[in-house]
Structures are given as structure tokens and as C-alpha cells.
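As given in TrEMBL:
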DOMAIN    10-430  domain 'Major facilitator superfamily (MFS) profile'
TRANSMEM  45-64  transmembrane segment
TRANSMEM  76-96  transmembrane segment
TRANSMEM  102-126  transmembrane segment
TRANSMEM  147-173  transmembrane segment
TRANSMEM  179-197  transmembrane segment
TRANSMEM  251-277  transmembrane segment
TRANSMEM  289-308  transmembrane segment
TRANSMEM  320-338  transmembrane segment
TRANSMEM  377-401  transmembrane segment
TRANSMEM  407-425  transmembrane segment
Amino acid sequence: MTEPSIPRRDFALLFTVLLVVAAGNTALQSVLPAIAREIHIPDMLVAIIFSFSALLWTFSAPYWARQSDIRGRKRLMLIGVAGFGVSMLGCAFVILAGLKGLLIPVVTFALFAGLRSLFGIFGSAANPASQAYVAARTEAHERTTALATLSSAFGLGTILGPAVAPFFVLGIFGLSGPLFAFAAIALVVLVTVRRLLPDDDPTNAPMVDPGGIHHGALSSMPTIGGSGTGASAVAADIGRRAALSWRDRRIFPLMAFGFAMGSIQAATGQALGFLIIDRLGGNAAEAQKFIGIALMAGAGATLLAQWGLIRMLRMSPGTLMRWGAGLAALGTFGIAMSSDYHGIVVAFALTSLGYGFARPGFTAGSSLLVEPHEQGAVAGAVTSVNGACFVLAPAVGIGLYQLAPSLPYWIGAALLVGALAYTLLNPVMRRDWDVMTDAQDDSLTP
């Protein structure tokens, strides 16, 4: 395997950006139920806050992705981290005031919802910009591995967030402590990325006057494999680049697959905690640690796929999506059939292993299907689809669970079998990805 085109330090910075955002959000989610009970905010209103934020994320991510192509990925990453930090800090102050009785519940809810919306609007810039930064600096044949490793930051964040949150519940801050802590961490990351990550702003591209004198930076838009991309042409094209819709015929089959997989994962995952509580006798307090163990097993399986197996097996995007859908279907079927806790944990780990394959396959495959100058736009489409999965699916999962505890898993397993069939029958999904990888590498060679 060739050495990655992107320096390790730069990749570590990008990884840290996504890790902190993921860990901060899962830390917030882990303490919010207790906060809601303390402040007397109904559970449904808490769900509405997160659904509305996910909706804003879905619509804003493509815009920021297009801006990353025009203004540079680093600049958009800074906007995303700043949006996350400001949102987290504002929410921390509002929650602290609510816990101290300085705000009535309805005011606390309104302010919290507004400040959380800042993350949905501005925080969504970090993800597509980071993906596009990596895609623009890696060869096509190594992009699947690079994007899988980058995506694993979210898996690691889902482990670290809930794990470290209790250590920040301290002193006068109480349950708002984790929010203050991650706001401070976001500030450190913001300063570090601004100082250390190389600039890729295409507006600083070299311009040549008739006398041949260069103006601006020599190279502000590093290329895949280090070859030239014509930065001045990119700069000249500012404002004229067309948006890339998720309905674009080149990527629509993968967008549909990603939306289906993400929605099933969101619906079945939302019901998992309730399923474990009921299987263990209905005591939520006693079941909490068992829920945590199950979630960590799932996150560990995802990391195994994205950090180990994908690198070891060198699987193409199509293979990843096929195996991902198949393993997720088997695991979801296992959850539906399980009558005890241990069976649920094993089946959930298998399900998570499948999603750990499918998501990088969907992400890398989408990247390979578009032109190099569209990498930011396709990353935005991927991020938008991922966000859309969490707008309605969690509520659907809970609704099905209330009808019958195993119902969301039976339906989810059936839909996943359909997704597997789709990967086998759709012409775009069945294409020769190795040939595409070689062709894209050749197109970038001067």
C-alpha cells in the first residue's frame, strides 16, 4: 500500500475535529434525560429539539459543502467547530440557569432549542469540509480506507462522549458541566486547526498577469497525490460552480442506499434502550449500565470494521455495501429473535459491524462517482442524507416498539434484506469499482 498523500498530522487534526463534535453530542445526549427530569421538560420536547436540529443539519450541510469547494475546506471546518462550540456553550449557560431555578421550564426549553439550532445550521459545516479535505488529498485507490478511518471518529466519539461525561458533572456546574467542558475543548481544537492545518482557500490561488508575475499563494488548493489542479482556474470559477443534488443520477442509487441504511439504524437504535430495560425487568436505573455495555459493544464492532477489517481486507465500496447490508440484516434479525440480554448484545454488535462496513462504502463510493472539483458538494450530499435519517426515523422506531417490542427489528431486518438485494441488482451498485478507481487516478495524472 502506498503512503497516504495527506500528512499524518493534518489527518489527525481532521480526525480530532469530527471526534470532538461526535463526543460532545453523545455526551449531551447521555445527560439530557436527567437534565429534562430535573428541569421538568417533557421527554417529547427533548426529542423535538434534536429532530429540529437534525432537520436544519440536513438542509444546511449541502450549502456549506458547496462553500467549501469555493472558499476552502479549512475555512468551513473552522465555521463548523465554532458553531459547535458556541452552541454548546450557550446551551450550557441555559441549562445551568434552568437547574438553578433562574429560568422557568418553558423559557429554558425555548432558549435551549434556539441555541441547539446553531449547531444544526453552522456545526454541519465541519463534516463535509473534513471529508472533502481528505478526498482532495488522497489517491482514489486509498480514499476508501482514508474516509473509513475518518468516519470512525464518530464511532470513537460515541464511546468517549458518554464515558467521560460523568467526570465533568462537578461542583456548581452539575449536569451542565459536560457542556461547558466540550465548549472549552472546541475552543482548543478551533485554535489548533487554525494554526496548524494548511490553508486550502482557492481564492488565494496564484494569478498570473500578462507579464508572468504571480500574485497570491503558490498553491492554496493541494491536489490528490500532489498533482496540479489548476488552482487559478478554480479561483476564477468562484460563484459559477453548480450545486450537486442528492438526486444527481450518478450518485442517487448510493444516496438511496445510505438513507435506507441510516434510517433503519436510527429507528432500531432508538428502541434498543427500551428493549434492554424491558428484557431486564423494567427497572431503568438498574438497566442503565447494561445499556451502556451494549452501546459500547456496538461502537467497538463499528471501530473493528473501520479501523481493522476494511484496511486488512482492502474491500471496494460495492463489497462494503453488500457485506454491510447482509451483516446488518443478520444482526437485526438476531435482535428480533433474542429473548435475553446476552443475545441482544451479540446481535447488536453484529448489526453495528454491518453498518461499520456499509457507511464507509456509501461514502467512498459517492466520492468516486463524481469529479475532483465536486468532492465538497458530494460530501455535503452524504452529510445531508445522514442527517435526514435522524429527523423522523427515531420517532418511527419508538412508535413501532410501542405496538410490539420486536416489531421495529422484524421490519428493519426485512428492509435490510431489500437493501442487500438492491446492491446486487442495481447497475450502479454492481459496477467495477476497481476500474473506476484506476480511471480516476489516471485522470488526475498530468
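All residue numbers here begin at 1 and follow the chain in the order shown.
Every residue gets a Cβ built from N, Cα and C, even glycine.
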Between the stretches 147-173, 251-277, 289-308, 320-338, 377-401, which wins on the count of C-beta pairs under 8 angstroms to the transmembrane segment (407-425)?
320-338
Same-chain Cβ contacts of the transmembrane segment (45-64) under 8 Å, 6 or more residues past its ends?
29, 32-33, 36, 76, 79-80, 109, 112-113, 116-117, 119-125, 127-129, 243-244, 246, 377, 380-381, 383-385, 387-388, 390-392, 394-395
Could you tell me whether the transmembrane segment (76-96) and the transmembrane segment (179-197) are in contact, taking contact to mean 3+ Cβ pairs under 8 Å with a sequence separation of 6 or more?
yes
Contact set, same chain, for the transmembrane segment (320-338): CB under 8 Å, 6 or more residues outside the stretch:
144, 254, 257, 261, 264-265, 268, 272, 275, 310, 344, 346-362, 364-365, 406, 409-410, 412-413, 416-417, 419-420, 422-424, 429
Selected stretch (most C-beta pairs under 8 A with the transmembrane segment (251-277)) from 76-96, 147-173, 377-401:
377-401
Apart from its near flanks, which chain residues at least 6 from the ends of the transmembrane segment (147-173) lie with a Cβ under 8 angstroms of it?
11, 14-31, 92, 96, 130-131, 134-135, 180-181, 292, 295-296, 299-300, 302-303, 306-307, 310-311, 356, 359-360, 363-364, 367
Give the one range among 102-126, 289-308, 377-401 whose Cβ atoms make the most pairs under 8 Å with those of the transmembrane segment (76-96).
102-126
Restricting to the same chain and to residues at least six past its boundaries, which positions have a Cβ under 8 Å from a Cβ of the transmembrane segment (102-126)?
17-18, 21, 25, 39-41, 45, 48-50, 52-57, 60-61, 64, 67-68, 76-77, 79-84, 86-88, 90-91, 94-95, 383, 387
